[in-house]
Amino acid sequence: MQNVNVIDSNASVIPKESRKASIFSWLRFVILLIVIYALLHYGMAFKIVSGHSMNPTLHNKGFMVVNKLYFKPERGDIVIVKDPNGFDIVKRIIGLPNDSISIKNGIVFVNGKPINENYTEGKANDMKAVALDNKSYFIMGDNRTPGESLDSRDPSIGPVSNDKIEGEVILH
């Protein structure tokens, strides 16, 4: 008996166009994964609140989503700042570049005018006016009870420059 090769005409043969489409589809998927990774790694951060300095707005062990991409710091924004010891701290921006910040009878004044703060807890100690330069921000915790928040009122932190602001809290 003689061996005969039989070709099944019903066998599936992948056309070149279909193979190209499949490769292109996988390539798009890989690029999408890289973009998602970059966005999550460099563009956003997920943080857990540690401490009570932002009470009543943020609570200890609360969850935050931080925008690390482009944002313009504005008064009232809650931001993540890198402190001098390299730790991330979460605070609220009170003073902008070239502002003057003071505290009298627990009331915060910006450029001599009291600011409306319905988000605070406790009463801050008095503080003489601090003049910010054209690249510095004044940050404070929402918990103004003395000793509860390490922020710009403390000489170890002081006013912070824009490059120390890591990102803006966008969800909490």
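Just so it is clear, glycine is given a Cβ too, placed from its N, Cα and C backbone atoms.
As given in TrEMBL:
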type	residues	note
ACT_SITE	Ser53	active site
ACT_SITE	Lys91	active site
DOMAIN	25-170	domain 'Peptidase S26'
REGION	144-172	region 'Disordered'
TRANSMEM	23-44	transmembrane segment
If you measure between the CA atoms of Ser53 (active site) and Lys91 (active site) and round to the nearest Å, you get 8
Per DSSP, the domain 'Peptidase S26' (25-170) contains 22 helix, 54 strand, 70 coil
Cβ contacts within 10 Å for Ser53 (active site), all chains included, total 23
Ordered by sequence, the long-range same-chain Cβ contacts of Lys91 (active site) under 8 Å (at least 6 apart) are Ser53, Met54, Ile78, Val79, Val81, Ile139, Met140, Gly141, Ser149, Asp151, Ser152
